[in-house]
Amino acid sequence: MRANLMAGLTVGIVALPLSMALAIASGVPPQHGLYTAIVAGIVIALTGSSRLNISGPTAAFVVILLPIVHQFGLGGLLLSGFIAGVILVVMGLLRLGTLIELVPYPVTVGFTSGIAVVIATTQLKDFFGLSIESEGHSFVDKAVGIVSALPEFQWQELAIALLTLLTLLLWNRTGSRTPAHLAALTLGTVAAWLGSRMLDGVSVHTVASTFEYTMNGITAGGIPPIAPRFFWPWQQPGPDGAPIGLSWELFGQLAGPAIAIALLGAIESLLCAVVSDSMAGTRTDPNRELIGHGIGNMVVPFFGGIPATAAIARTATNFRSGATNPLASVIHALVILAAILLLAPLLGHIPMAAMAALLMVVAWNMSEARHFIHILKVAPRHDILVLLTCFSLTVLIDMEVAVAAGMALASVLFIKRMIELTGVNLINPGHEHADADVPEEIVIYDINGPMFFGAAQNALKTLVSIRSEVKVVVLDLSDVPMIDMTAMVAMQSIVNNLAARGVSLIFCGLTAEVRLKLKQSGMLSGASVSLKRNRGDSIDAAKVMLSGEKKEG
């Protein structure tokens, strides 16, 4: 009990500034990140399968959520999160959790590194204190706007950002048990406050000066000191400031982003579960974990929260702090709730430049730069192509396109590789059978690899061009693990072609699955087709067939 209390307190302190910063990076006021950490931290912990995962806003979502906010406003973001939750529940009920493991590693590293670049780029504005009238929505437009505005940077904003950044990078060397995030933001906030008091005309943008809220008819800056309240997501403002409402057209427009949120949430949550299981020796049910995250994301929007998933860094902190069960996640949520109620005015003093520095470190930590470089050095060319495709599309277009293109490219390259590995080889029977005296009227072919739509035609076309004197063809399928409908159609064409030429066909070495498929197709019932256990039996049977033909002749 005590270990979980201390772990929850520690993770809550770490998650507090991160939740605020990630909400800001996603284009919404910081309190929505805090609401997410509170509600998701409780609901997902109690409904999911993992005993250690800490859920809340994560950096991976930023590149998806920011465009949604620009196009559909807060209301659209909340609705897309709800739809994503429904999709996650359906995925869990259909037991699709294990399929997430099929996402190729270069795809994951590619879009994760791309997300890191996008996050770091979007934070340069606050890091340097730049005034950019129109940033544009594309990465190139944003980069051009930042470069154009760099000569006008604000030295005081940059000083606070650098102070915070250096503290984040060097704090752990001090040996202090205080989390680096808390120490860095505290130091940056105090430095900004002292600078504004001691130096004339020096001020920096803070959370309170950037964001405002209205409560009881009074407008104030910063974070409202109230707990998350229930409301209908569709009554929240759209891009024009009016309630976004509900319509089939809107659901259609939000379907694509919601699917992207669900897929990324599934990948992140299950990757986090793998990490926590490896650390703690536990075992997470991936399907139940998807259902838990789905329920959490369905509930969160009704309390002002943005999409949530498990966070690997916070989960690792949770384990290192001694957590043993989901109580630690609940405690972490209550710590953040207490901070909102008691410390909201102080949180409003945090400089935006300090938040930008924090997100820069988050971006670097999630960039997987070491793995990215390692893939470039040692991976096959097709994996490098997938990596660079996902990375560049994530940066230049968006993550939805990147993942779709990366998966499609990886699938095509995989099929190409399987086609190359599947082949038909003419066998010299003298090496395989005690009786090397095999007549030239008998030929033996060994088929290797899966017989599927991509490889069937290429592999079987060799059988069409056999010599005219051949009377028996032996097909050894002992190295064929599976056969699909396309391959069976191609095989049937070969059977018909050989039968029309008076050539007998013997299958041997069939696995149980392949034998069943060929039997169900009716291919084994032909008069010119027979089935033997192995290559030796096939050669003996072929000789008998030849001797019978010679007697008849």
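Yeah, the Cβs are placed from backbone N, Cα and C, and that goes for glycine too.
Listed in TrEMBL:
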- 61-94: transmembrane segment (TRANSMEM)
- 153-171: transmembrane segment (TRANSMEM)
- 178-196: transmembrane segment (TRANSMEM)
- 254-275: transmembrane segment (TRANSMEM)
- 295-313: transmembrane segment (TRANSMEM)
- 333-364: transmembrane segment (TRANSMEM)
- 385-415: transmembrane segment (TRANSMEM)
- 432-542: domain 'STAS' (DOMAIN)
- Message: Would you say the transmembrane segment (254-275) and the transmembrane segment (385-415) are in contact under the rule of three or more C-beta pairs closer than 8 Å, pairs 6 or more apart in sequence?
- Response: yes
- Contact check, the transmembrane segment (333-364) vs the transmembrane segment (153-171), 3+ Cβ pairs under 8 Å, seq sep 6+: yes
- The answer for the transmembrane segment (254-275), taking Cβ pairs under 8 Å and residues 6+ beyond its ends, is 48-50, 53, 55, 58, 60-61, 64-65, 67-68, 72, 76, 79-81, 83-85, 87-88, 91, 97, 100-101, 103, 108, 284, 286, 289-290, 293, 297, 307-312, 315-316, 399-400, 403
- Is the transmembrane segment (61-94) packed against any residues at least 6 beyond its ends, judged by a Cβ distance under 8 Å, and which are they? 22, 25-28, 32, 114-115, 118-119, 122, 137, 233-241, 243-245, 250-251, 253-255, 257-262, 264-266, 287-301, 304-307, 309, 394, 398-400
- Note on the structure: With the cut-off at Cβ under 8 Å and a gap of six or more residues from its ends, the chain residues touching the transmembrane segment (295-313) are 14-15, 18, 23, 26, 28, 31-33, 35-40, 43-44, 47-48, 50, 53-58, 60-61, 64-65, 77-82, 84-86, 88-89, 228-233, 261, 264-265, 268-269, 271-273, 275, 365
- Could you count the residues of the domain 'STAS' (432-542) that DSSP puts in helix, in strand and in coil? 47 helix, 26 strand, 38 coil
